[in-house]
Each structure stands twice: as C-alpha cells, then as structure tokens.
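To start, the structure under review is shown below, and the notes come after it.
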Amino acid sequence: MSTEKLSQMLKEAVSSNRTSLTNQKTAAKITTILIKSGLKPFKTNPSLLSNLDSNVTSLILSNPNLPLQSCTLFFNFLKTNLSLTSQKPSLKTHIAIILRLYKAGKFKEIKEVLKFIIFDDNLRYPVEEMISLVGFECNDSNFLEKFCDLYFRVCVDNKMFEEANGVFGYMEKMGFKIDERSCILYLIALKKCGKGDSLLGVFRRMVESGVEVSVYSMTIVIDGLCNRGEVEKGRELMNEMVNKGVKANVITYNTILNAYIKTKDFGVVTEVLRLMEKENVEYNAATYTVLIEYFGSVGKHEDVEKLFDEMRERRVEMDVHLYTSMISWHCRRGNIKRAVSLFDDLTEKGLVPNAHVYGALIDGLCKTEQMEAAQMMVNDMQSQGIDVNQVVFNTLLHGYCRKGMMDDALSRLAAMEKKGLQPDVFTYNTIASGMSKLKRHEEAKRWLFMMVEKGVTPNVVNFTTLIDIHCKEGNFVEAKRLFQQMERRGERPDTITYNALIDGYTKKGKLKDAYKVRDEMEAKGRIPDVYTYTSLVHGECIYGKVDEAMKLFNEMHQKGLVPNVVTYTAIISGLSKEGRSDEAFRLYNEMINVGHMPDQRVYSALVGSLHTDFNQRTFLFKKNACERICLPNHVAQDSLKASMAELEASLRCWSSHPTAIDAAPGKYVSTVGNQIIWLWNPCKFVSFMTSIINVTKLYAAWIALDLMFLLKSVCLLREVSSVDEEDLRETETPNFIMNFSGL
C-alpha cells in the first residue's frame, strides 16, 4: 500500500476522533446485540450493518464490555459475510482485534491475524509504515515491542526474510529488546531454506544489536557453516564467542566433530576431543554415536567396543540412533551375531526399532547370505506396522542375487510390483548383477536393455555393470566402447567403473592394461580405492609376482587405505604359495588386529605354507589361535573326547588309504589318570588332517564343536601344556604335547 494511502488513512483516523453520534449509536446497538447473542450466530438488521465502517467496527471491538469471544466471532463474521457490509474489514479493524487479543495474552491468535494481513495486498503496508500505524492506534511501548516481535516471527515463519530484516531493523532503531528465541527461529528458517550464507551476517547483527545470544544461537550458525564446508570458520566463531562469555556445549562440539570426520581431517578430531576433555565437556549419546561411526570407519574396532562399554558404565542413555550405528557397523564387519544381540538389547530397553534399524540388520543378514533370517526380520518389521519400502525390497533382492537364488529374487520383485512399487535403476542393476555372477551374461544384458525400454534412464552404475559383464566375457573391445559411450552421454565414469575394467584385465592376465587404466583414472581425478589395489594385488599374486603385490600392499598403507578381507586373503594366499610363511603369518596377525575375520581360504593358504616352513611357525600359529578362541563348555568337551576316539579309530581304518600311508600322525599315548596325552609330529599331523578331511565327513564334527581351527593349526584345546619355544628350536623334529586336563 502506498505512502499516500497511509497518509489518507491517518487523516481519517484523526477525523474519527470527532466521531458522530450516529456512529456511537450504531456501535452501541451492535454491541448490545452481540452481548445478548453470546456465542450464537450473529443476527441483525441489514440496514444497521450497512452503516458499518472502520470507525464503527473499532468502537465495537474496543468496547471493554464486549467479551473477547464475542469480539472474535464478530470479526470473523465481518470477514466471511462481505456482501452484508458496506466494506471489508480494514487494517484499522485488524489492529483493533489485535489490541483486544494482546490484552488477553492471546499471542498465537495475534500471529494468525498478522499472517492474514501480510498475505492480503489491500492490508499489507511497508514494514515501518505498518508499525507506525499500529503505534498511532495504541501508544503503548510494551505493546508495540511485543507487536514487532510477533510480526517478526510471522515473517520468519512464512519465509518472508526481507520483511523480517525490516522489522529487525525497526526494533534496532527504536531500541526495543530483541528476543533471542525469535532470532533462533530466524536462524533455523534460514538454514532450512539453504540460505547458510546469511547465517553469519544475521548472527553478527544480533551480537551488535545487544541481543543476549546463547550457545544455542551460536551452535545453529556453526552447524550451518559446517554444512557449507566452512568448518574452520565455524571453529573460529566458537573461539571468538568463548572470549565473549558464550561457552560451547556438547552439541557445539558434536557439530564440529561431525564436520571434521566428514572431511576426514582425523588429526583435528583428536585435537577437538582433547579440548572437550580440557573444558570438562561430557559426551552425550550423540557424541558417542559420532565417535563410534568415526572409529568404525578408520578400522579402530577395539575403540568402538570400548566407547560402547564406557556408555554403559557412565549410564548414558542410549537412543535408537546409537543402536542403529552399532548394528550397522557390526553388520558391515559381518558380525551378525553381535548385531542381533544389540537388536535384542534395544527392544529390552523399551526402545522401538525404526525402519533404519531393521534396514541395517536386514542389509547385514543379506550380505552374509542369511536370507531366511533376513526374511524373518522383514516379517517382524511388518508385524510392528513398519511398511516395507523400496530400499528394503532392493536389499532383499540384492541378498538373493548375491547368493545366486534368482528365482527367489524374481519372486520378491513380483511382490514389490504388486505392492505398487516400480523397479528402479538399482533394482534392474541388482538383477543383472545376479545373473552375471551365475555367468548368465545374456540374461543380465536383457534385464538392462529391458530397463531402458521401460523408460528408466541408465546411470553410471548400470553402465559399470554392463562393462563388468563384457570384461567377464573377455570382450574388452565392447567394454571400452561402452566406457567411451557413457563419457559422450555425460555420465562421468566413477572409481567403481574404472575398478570394473581393472579387475577384468587382471583376471585375464592383462596387467599392463590394468595399470594403464589406473593411470588414466588418476589423470582424470579419480582416486584409486581399496578395491582398485585389491584387484591389482590379486592379479600380481595370480601370476606369481608376489613382490610386486607387496609393493602395492605397502603403497595402500602409505595412502591411508585400509586393506579389506579380500586384500589380506589375496596377499596371504600369494605369500603362502611362495612358501613365505613368515610374511604370511605376520599379515594374518595384522588382519586380526585390525578387526577382520579370516575365512577358510586364509586358513587353507596358511596350512599350505606350513608344509614348506613348519619349524616353530606351527607352534606360534597354534598358540595365537588358542589365545583367540574360547573352546566349548563341558558339554562340548564330552563331544570332543568322543571325537578324539573317533579320530583314532579313523586312523586305523584309513591307514591303508594312499594319501594317509605317509601321514601317520605320530605316537598315541594312552590315557594317564584324568589326562589324555597326544604326541604329534606337526608336519605329519597337518598332512594327516588334510587327508582325513578329504575322505571323511569328520569335518562336520569339528564345525559343530566350534573347532574350525583344526583345519589351519596343529591342534586347539582348552589347555596347552607349557612348551618352551627354545626347546622346540633344539628339537630336530618338533613334537607337541597336548594336555587335555578335565576331559
């Protein structure tokens, strides 16, 4: 509304001070009718209403004898029955009802009236003009200050930031007290709308205007800066405000920590943790969650469990977010047993698992190919009223495809479509990848082509899958053509795409081509990851170039890459084939120390290395394994005793077997008291165990007893008699005396 119009309105307001007797009579009559009507619908003579103007309406609404509810009913009547009155409610009328609401402390209702004003072109004035008019109607500084605060909040709530700035400026100019709570709403609104660049400016204006800023305002701004990647600027603000008496709290530190972890500036993470300790800032559940995710990501597995135990000791209340992080972390490590235990712990504490918790556990079960358990989790999830979304369906599909259960995967796909969920890029890619793993390459391609036919635009992942299929077929010409095609289409190949080519070349013995692709990816700004190096390590080991593989392995550490289970398995297998058992066992120990669980391939490789270098290494391996495994209780011990008897009988039974003739395990000494003593020749024992496992089903017995380590060491028992390593060195053919006390 223009300034001229405002001036005219003010003139009318001045003249209205000499209100005619007619206006007063009209106002009095309508007021009487309203009082008599109470809360019933307002009814009166249309001719009486025709005399209504803003002056009459203001007289009615400002009459202290008229209850507030009646005022509100009358005001709403005027807004909704425009045909009965000579004019719609003016700004003056709105100000009158605001005054009545203010006196009654109805601030929420005032905000509703203000919202109506700012969205009506006929009522809305420039900020200063509007406030001036309100001040003219009521010269009460307390009311005007509160009005400005509410007006500011309404502008903020409706994302009218320019108007909000205008109100803020007016309050500054008039010396009104600016409520920090209103400013916090302003900061949050700016952050939510992606206006992070304005946050710091608004905050500094708050400080300069004398707003009593607290740690909450500061933390919102720091969080906004961190989200923009300006972590250092956020930390500088924290230090600046500390000097002004605003001390950072745990939420502030959590914000800074999380930002540094995301940028992988781990050195500063330690620095911030020390600062928290110095300032006596205690961790809360969110701090532990951030740190658990951090330590898990850098392979510090012992620290993760230590933090979790520390939470229990300090009785920090654990929330669903923390459990989600722990469950997800254990699932990524393949420790499903622990993940399920944590899930049970969560429910026992009365916490309600959400879709994220179920999703993490289902994902972990699928990745370890425990599909029956995963489906049970899905059923449990549905029984809790949590809907199975596309992410969960895709996770199940991925699990079935990973296990080669394509019929089950397609069945879940049909169920997903029946539910009204359409297959997306990930769905098609999962099916194609599953077909490819089963060497059903043509079907895999058909699924990807079907995706395009159904209007789903292929992305980098789909191109990568198709390139991987061609690499597995040995069709590198087509793989390279697709690679170039995706670049022409604007799909920039990512590290995984390059890895597909590198892996394909290494498995076909084309190591020069593999290294060429690696050089190309680095030249284009793609950083080789753990999978890049694992493919190259595996390729070098396949063709006996173990020294080159070790160079790559060491290079990984230099670049801050943490080798995964596959990397360790490849390099240990390569070293074992070369008879380099010292190095193989060193990496085996390193693998365990960083939290990776060796699988049967690692143990098989290590057993193979023992044939070529067996002297004291066997003892060390056996000792190491015994320290890491807690053997079964007395029930399992009884089974173990029976299995030992079966082993002796098996030896006599199969002594004539070609592979066992030269594998006599040594001398059997009968039971002495409550002890069973075995005297083994280690080299012959390993050969013997290998031959027995090849020709019998005894393997199942060892699995049942949790004694898988019998496949990769001399023997694992509850107690091992003290065998000095020096004594072993002096013995030409080392013998191991295993003492099974208590059996």
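Using N, Cα and C of the backbone, Cβ positions are placed for all residues, glycine too.
Marked as repeat 'PPR' by TrEMBL: 214-248 (among others). Residues 180, 183-184, 187-188, 190-191, 196-197, 199-200, 203, 206-207, 255-256, 258-260, 263, 265, 279, 281 of the same chain lie 6+ residues outside the repeat 'PPR' (214-248) yet bring a C-beta within less than 8 angstroms of a C-beta in it.
Residues of the same chain lying 6 or more positions beyond the ends of the repeat 'PPR' (249-283) and with a Cβ under 8 Å from any Cβ of it are 215, 218-219, 222-223, 226-227, 229, 231, 234-235, 238, 290-291, 293-294, 297-298, 314, 316. For 249-283 (among others), the entry in TrEMBL reads repeat 'PPR'.
Within the repeat 'PPR' (284-318), the DSSP-based counts of helix, strand and coil residues read 27 helix, 0 strand, 8 coil. The repeat 'PPR' feature in TrEMBL is assigned to 284-318 (among others).
Over the repeat 'PPR' (319-353), the average per-residue pLDDT in this prediction is 87. As annotated by TrEMBL, repeat 'PPR' applies to 319-353 (among others).
Summarising the annotation, TrEMBL assigns repeat 'PPR' to 354-388 (among others). Broken down by DSSP into helix, strand and coil, the repeat 'PPR' (354-388) contains 26 helix, 0 strand, 9 coil.
Residues or ranges marked as repeat 'PPR' by TrEMBL: 389-423 (among others).
The annotation repeat 'PPR' is assigned in TrEMBL to 424-458 (among others).
According to TrEMBL, the repeat 'PPR' annotation covers 459-493 (among others). With DSSP classes pooled into helix, strand and coil, the tally for the repeat 'PPR' (459-493) is 26 helix, 0 strand, 9 coil.
Marked as repeat 'PPR' by TrEMBL: 494-528 (among others).
Through the fold, the repeat 'PPR' (529-563) approaches residues 298-299, 495-496, 498-499, 502-503, 505-507, 509, 511, 514-515, 518, 521, 570-571, 573-575, 577-578, 580, 583, 594 of its own chain, all at least 6 residues removed from its boundaries and within a Cβ separation under 8 Å. Summarising the annotation, TrEMBL assigns repeat 'PPR' to 529-563 (among others).
As annotated by TrEMBL, repeat 'PPR' applies to 564-598 (among others).
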- request: Work out, from DSSP, the number of helix, strand and coil residues along the repeat 'PPR' (389-423).
  value: 26 helix, 0 strand, 9 coil
- line: Other same-chain positions with a Cβ less than 8 Å from the repeat 'PPR' (319-353) and lying at least 6 residues past its termini are 285-286, 288-289, 292-293, 296, 301, 304, 308, 311, 360-361, 363-365, 367-368, 370, 373, 381, 384, 595, 597
Composition by DSSP (helix, strand, coil) of residues within the repeat 'PPR' (214-248): 26 helix, 0 strand, 9 coil
Task: Mind checking which residues of the chain, 6+ beyond the ends of the repeat 'PPR' (459-493), have their Cβ under 8 Å from one of its Cβ atoms?
output: 425-426, 428-429, 432-433, 436, 439, 441, 444-445, 448, 451, 500-501, 503-505, 508, 510, 513, 521, 524, 526
Task: For the repeat 'PPR' (284-318), find every same-chain residue at least 6 residues outside the stretch whose CB is under 8 Å from a CB in it, and list them.
output: 250-251, 253-254, 257-258, 261, 266, 269, 273, 325-326, 329, 332-333, 349, 351, 562, 594-595
- request: Would you mind splitting the repeat 'PPR' (424-458) into helix, strand and coil residue counts from DSSP?
  value: 26 helix, 0 strand, 9 coil
